[in-house]
Each structure stands twice: as structure tokens, then as C-alpha cells.
Amino acid sequence: MEKIKVLRNLRLSERIYLLELPKKGSLLDIKPGQFLKIKLHDLRYDPLFPRPFTVHSLEEGTLKILYQVVGRGTLALSRISQGEEISVLGPLGRPYPEDLDFPLALCAGGVGVAGFGFFLERLKEELRKKTILYYGAKTSQDLVRLDYFKAFGIEIKLTTEDGTLGEKGFVTDLLERDMRDGKIKTILSCGPMPMLKVVKELSEKYGIKTYLSLETFMACGTGFCKGCVIKKKDGGYFHLCEDGPTLSAWEVIL
Ligand SMILES: Cc1cc2nc3c(=O)[nH]c(=O)nc-3n(C[C@H](O)[C@H](O)[C@H](O)COP(=O)(O)OP(=O)(O)OC[C@H]3O[C@@H](n4cnc5c(N)ncnc54)[C@H](O)[C@@H]3O)c2cc1C
Ligand code: FES
């Protein structure tokens with residue numbers, strides 16, 4: 001693990017934060033879709049295992065992590081201040097698959113949008129023009145980093161469950177409309193499990209190639225503990241930290 005001093009830890013909404021770290025050492029080699037494990041040093045911050053996070057952005061000398069507070073580890077992380085040291089392990093896992101056909105749909109639920117920033121930063125200009133971001137959340141406050149995503153010049157379709165921004169409803173409703181109209185050739189999706197299950201069902205219904213960035217509890221993150229299993233459709237298990245975190249929707253049982 002590499003020790004790194006936090007540059008900034010900004011609160012973007014009630015539960016969503018942006019952690020900024022200096023881009024150095026092994027972090028320079030990371031590719032979109034891979035992840036890092038972050039450990040807090042101070043034993044006051046109880047969590048034993050480092051927690052996994054996708055890279056949200058890697059430009060201008062800064063690596064950014066977009067995260068939501070859901071439990072002890074992320075709450076402790078939200079309390080870290082500028083100049084404090086944390087430990088980072090990575091790059092881990094596999095990058096996003098390369099066989100993406102365009103038009104490409106990036107379908108994000110909540111903070112699942114995190115990894116798509118880094119993906120778009122590395123995507124060629126002409127392919128960005130054929131990429132649509134479907135980004136949904138419960139309420140407008142949880143749709144974060146909109147100016148950053150708009151700056152890529154991509155088409156963005158927003159939804160909120162309470163109708164406070166974008167179309168009212170689920171992001172998968174908008175996605176299905178465009179799938180039905182034949183506007184999409186590949187889907188890359190990340191978000192809460194109920195949303196990913198719907199995306200998987202839609203991909204099977206419309207026969208559109210789909211990849212899901214999945215999450216499990218990850219104790220080691222490096223292939224030893226075998227605790228990060230996802231069932232394979234044809235028997236056996238994927239180990240998400242090594243085989244994923246992004247897997248074909250057609251090869252997994254959720
Ligand atoms: C490969 C990978 C990449 C990830 N990238 C990101 C990222 O970029 N940004 C980000 O915010 N999170 C990301 N996560 C999820 C993040 O790792 C977890 O939210 C975090 O480990 C939770 O730790 P905790 O100690 O705060 O919660 P815990 O104390 O471990 O859990 C507290 C409660 O929260 C629930 N919980 C745990 N994880 C989640 C979750 N993801 N969503 C909702 N509820 C949850 C648990 O079931 C439990 O009830 C990623 C996970 C993986 C596997
Ligand atoms: S987290 Fe230990 S094997 Fe995947």
C-alpha cells in the first residue's frame with residue numbers, strides 16, 4: 001500500500017463527497033474501470049479492511065474519487081481532512097472491456113456514475129459524440145458533477161425519482177425507450193443492484209451487448225480470500241476483484 005496525503009475532501013451533497021489525491025506512483029498506471037482500495041491509518045477509524053473505490057477522474061495532476069457515505073468506512077473517510085495521510089492499494093481489477101460498439105449508453109444510478117468520468121476523459125473525441133450518459137438518482141441533490149460531465153460534450157439524459165431534475169422516474173425507463181428505438185449498440189452500467197438487475201433484463205430482452213460494473217464486499221481485493229463471488233450463468237463463480245469488477249450481463253446471475 002502506498003501512503004498518500006489527501007489534497008482535498010469536498011462535500012458535494014448530503015452524502016456524496018469528492019476525494020482528491022495527488023497523481024503519483026502506481027496510481028499513474030490505472031486504467032478506466034479499475035479500482036483502488038483505500039485504508040485509513042488512524043485506528044480511531046475502526047474499519048479493518050480497506051474499502052474499494054473506482055477512479056472518478058485522473059487529470060491535471062489529481063486523482064479523484066467520488067464516493068457516498070453508506071457505513072463506517074465511508075463515514076470515516078468523509079471526516080478525513082486536507083494533509084492527512086491515507087493508504088492506497090492499486091490498480092486492482094480489470095479495465096472496462098474494449099469491445100464496445102457505438103452508440104454507447106453509459107447508464108448510471110447515483111454514485112455509480114463515478115467511473116464514467118475517467119472513462120470519458122480517455123475516450124476519443126469522435127467516440128464521445130456517439131456516447132449518451134443516462135444518469136438517474138432519487139433526487140436532484142444526488143445528481144452531482146453535472147458541469148464536469150457536460151464539458152465532455154456528450155448527450156446527457158437525467159432522471160430523478162421525485163421529479164426534481166430531469167425526467168421523473170427511473171433511469172432504466174429512459175434507457176429502455178432508446179433501446180426499443182434501436183439507438184444503442186452497447187451498454188455500460190453501474191449503480192445499485194436493483195437497477196443493474198433491470199439493465200440485465202433489458203439487455204436480454206433487446207439483445208444489446210451489456211456490461212455491468214458490479215460491487216461485492218471485498219476483503220483482500222487481490223484474489224486471496226475468495227469472498228467476492230458472483231455466480232456464473234454456466235456454473236461456477238467469478239471473483240469480482242480479479243475477473244471484474246465489470247462483467248458481461250449475459251454471463252452472470254444476479
Ligand atoms: C470495485 C468497487 C468499486 C467501488 N467504487 C465506489 C465508488 O467509486 N464510490 C462509492 O461511493 N462506492 C464505491 N464502491 C462501494 C464502496 O466500496 C462501499 O460503499 C464501501 O465499501 C462501504 O463501506 P462502509 O464501511 O462505509 O460500509 P459498511 O459498513 O461496509 O456497510 C454499511 C452498510 O452499507 C451497506 N452498503 C455497503 N456498500 C454499499 C453500497 N455500495 N451501496 C449501498 N449500501 C451499501 C451495507 O450493506 C451495510 O448495510 C465500490 C465497490 C466496489 C466493489
Ligand atoms: S476480495 Fe478477496 S478474492 Fe476478491
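Our numbering is plain: 1 for the first residue shown, then up by one each step along the chain.
The backbone N, Cα and C atoms fix where each Cβ goes, glycine too.
Just so you know, TrEMBL annotations never went through curation; they're auto-generated.
A quick note: this is a predicted structure, and the numbers were derived from the prediction, not measured.
Per TrEMBL, the features are as follows:
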type: BINDING; residues: L66, Y67, Q68, G73, T74; note: FAD binding site
type: BINDING; residues: C220, C225, C228, C241; note: [2Fe-2S] cluster binding site
type: DOMAIN; residues: 1-98; note: domain 'FAD-binding FR-type'
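Here the features listed in TrEMBL are painted onto the structure.
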residue : record                        : contacts (Cβ under 8 Å, 6+ apart)
L66     : FAD binding site              : L12, I16, Y17, L18, L19, H56, V111, V113, A114, G117, V144, R145
Y67     : FAD binding site              : I16, Y17, L19, F53, T74, L77, V111, A114
Q68     : FAD binding site              : R15, I16, Y17, T74, G110, V111
C220    : [2Fe-2S] cluster binding site : G227, C241
C225    : [2Fe-2S] cluster binding site : A219
C228    : [2Fe-2S] cluster binding site : T216, F217, M218, A219, G221, H239, L240, C241
Of Y67, Q68, C228, binding-site residues neighbouring ligand 1, Cβ under 6 A: Y67, Q68
CB-centroid shell, 8 A cutoff, FAD site L66, Y67, Q68, G73, T74, site residues removed: I16, Y17, R51, F53, I65, V69, V70, L77, S78, V111
8 Å Cβ shell about C220, C225, C228, C241 centroid, [2Fe-2S] cluster site members excluded: M218, A219, G221, T222, G223, F224, K226, G227, H239, L240, E242
Cβ neighbour count within 10 Å of G73 (FAD binding site): 21
Cβ under 6 Å from ligand 2: qualifying binding-site residues of L66, Y67, Q68, G73, T74, C220: C220
Least buried by Cβ count (within 10 Å) of the binding-site residues T74, C241: T74
Secondary structure tally of the domain 'FAD-binding FR-type' (1-98) (DSSP, helix then strand then coil): 12 helix, 43 strand, 43 coil
Arithmetic mean of per-residue pLDDT over the domain 'FAD-binding FR-type' (1-98): 91
